[in-house]
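Participant: So Swiss-Prot has the following annotated:
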- 1-50: coiled coil (COILED)
- 26-36: compositional bias 'Polar residues' (COMPBIAS)
- 37-48: compositional bias 'Basic and acidic residues' (COMPBIAS)
- K311: ubiquitin cross-link (CROSSLNK)
- K314: ubiquitin cross-link (CROSSLNK)
- R507: omega-N-methylarginine (MOD_RES)
- R598: omega-N-methylarginine (MOD_RES)
- R611: omega-N-methylarginine (MOD_RES)
- 21-74: region 'Disordered' (REGION)
- 76-275: region 'Necessary for interaction with ACVRL1' (REGION)
- 310-344: region 'Disordered' (REGION)
- 683-708: region 'Disordered' (REGION)
Amino acid sequence: MTERRRDELSEEINNLREKVMKQSEENNNLQSQVQKLTEENTTLREQVEPTPEDEDDDIELRGAAAAAAPPPPIEEECPEDLPEKFDGNPDMLAPFMAQCQIFMEKSTRDFSVDRVRVCFVTSMMTGRAARWASAKLERSHYLMHNYPAFMMEMKHVFEDPQRREVAKRKIRRLRQGMGSVIDYSNAFQMIAQDLDWNEPALIDQYHEGLSDHIQEELSHLEVAKSLSALIGQCIHIERRLARAAAARKPRSPPRALVLPHIASHHQVDPTEPVGGARMRLTQEEKERRRKLNLCLYCGTGGHYADNCPAKASKSSPAGKLPGPAVEGPSATGPEIIRSPQDDASSPHLQVMLQIHLPGRHTLFVRAMIDSGASGNFIDHEYVAQNGIPLRIKDWPILVEAIDGRPIASGPVVHETHDLIVDLGDHREVLSFDVTQSPFFPVVLGVRWLSTHDPNITWSTRSIVFDSEYCRYHCRMYSPIPPSLPPPAPQPPLYYPVDGYRVYQPVRYYYVQNVYTPVDEHVYPDHRLVDPHIEMIPGAHSIPSGHVYSLSEPEMAALRDFVARNVKDGLITPTIAPNGAQVLQVKRGWKLQVSYDCRAPNNFTIQNQYPRLSIPNLEDQAHLATYTEFVPQIPGYQTYPTYAAYPTYPVGFAWYPVGRDGQGRSLYVPVMITWNPHWYRQPPVPQYPPPQPPPPPPPPPPPPSYSTL
């Protein structure tokens, strides 16, 4: 019974599809016939002019013709107007439903019954969507006669449940970047269609993605009350800034027109004006060019008028080659907005990348996709300017040019750390080899292409990441770490590298939560706590401070703190005469107990092993991950407040700052300077302090001259 029912449904759907196609063909034939009759009627009316005495007869004839002619048929759709096949893609569900609704609304006479509508929508499905429809109609027969319920079931199955979450994530990451306001506004409104935000929320989010110069100009204007008004203001500001920038450009003086070099055997036609419209050739000139086998268009030999190069150079603008334009839609999707440059379009495939550095602003950089490059490369000057952390490669790589010779910059010995890189809504973790690439700061080569296997349309410069690797690895959105807190005051250290300010290490940012209340009882390497304390002999005579009384809430908080730490084994009985100073701070609804152990440490024996595993704790230069250049401005107060003396850069080097988890060295770019006043600089402290030199060995005993 089930197979028979399925066959009946399939046969009925096929019959309806054939009827729709036949009806469309008949409509097309009727339209062509009506058009021919209309043209013939118009021609006859122009040829025959009615006389005044035959007006009554003409009126009767026209009335009879109007009565005999059938009414004009309702304009029907061509087969090309049918909706596109739906294969179950959630992104194409809304357009498919809208196309089906529009098609059926235009032909209400044919789709007046729900059964016909359901069969038509089912016939427009393919793949897994068609399999779902057949199984659903077989189990639920009532859906065949209930079109709204069938559409609701299809929407419930194929609609993306995370559509709003994805749109929210996209719109928060959307930035104007180097693109225009119009492109940014179009992308913003496309994403906002999937959100249920109100007008003020959309206005605030639109403000967040604008570029800095547009936001600065908006601060001088009145606040817009709607999103459309705000978009209009931004477009007006951008055009005004573009006009001002064009007016500031120096105008080049007019250049004299230089005629191209013409062969001596060619005679210039004086009837052809330079730069104007071409005049018709005389019959004598045509005959002369035909006899000499010259081109009828430009008058030179070697070709004919069909493939004359002068036509191509005239049709294409100056500076561009003839042919289709190479600038197409953005290759990074609606999240990153790119605009083509004002100059001639580049023959290379370029995309806009976003490089996220923890605790720092996002870097926007143009990258070239080159299938001839073996790896992913980044320019060393760009690395030095932006302070991107590096490490030494396990094995150096020798890069060869197209002629087989090694490049002038030498082998590649450094690479960047794993960086979070965005290409539109495509996010990945990349590591670049550092080399010399002045024209393109970033180059994505065969390694990147083979890993992601993108679908590139070279004619339109569009990229689609639809491979299995990208589906499971690259479309996972991970939150970008927030900005780092302001750096703590530096210790009083000074190095003769004036002009560079040292910052706290970024690599320790990922372990900043090791001292949270969740991890306060966890020790590294499962090491057991050793609370044994040894006192200095005679510590009982050390004077103690004052003892103050506590209130009932403070005493209860102190008892709870002591009981909890005794239970965890962090506090044990001791024979020390004095304890640590206790200070209670109100945090929210409870009192937080803090204590100062500096006084008890004065009469206890300190352990000799280092208390932290961070190497060279006191040396801030070893902890630096990047440096920032500080310009020499008169009156600029340097930090620390030591007197700054002029230094002279003599070279560039990579400074070691530590090792990563795999044991590879970490390097940062620094400037090597020479300071002639080095003797006037404060002394550099050493950690640990240097040990005194060992005493000299005793002198050898004097030789003995005793004889036997």
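For all residues, glycine too, the Cβ spot is worked out from N, Cα and C.
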Participant: Helix, strand or coil at R598 (omega-N-methylarginine), per DSSP?
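Facilitator: Helix, per DSSP.
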Participant: Looking only at the compositional bias 'Polar residues' (26-36), how are its residues distributed among DSSP helix, strand and coil?
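Facilitator: Helix, strand and coil residues of the compositional bias 'Polar residues' (26-36) number 11 helix, 0 strand, 0 coil.
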Participant: What residues, ordered by sequence, lie under 8 A Cβ-to-Cβ from R598 (omega-N-methylarginine) and sit at least six positions away in the same chain?
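Facilitator: Expected: none.
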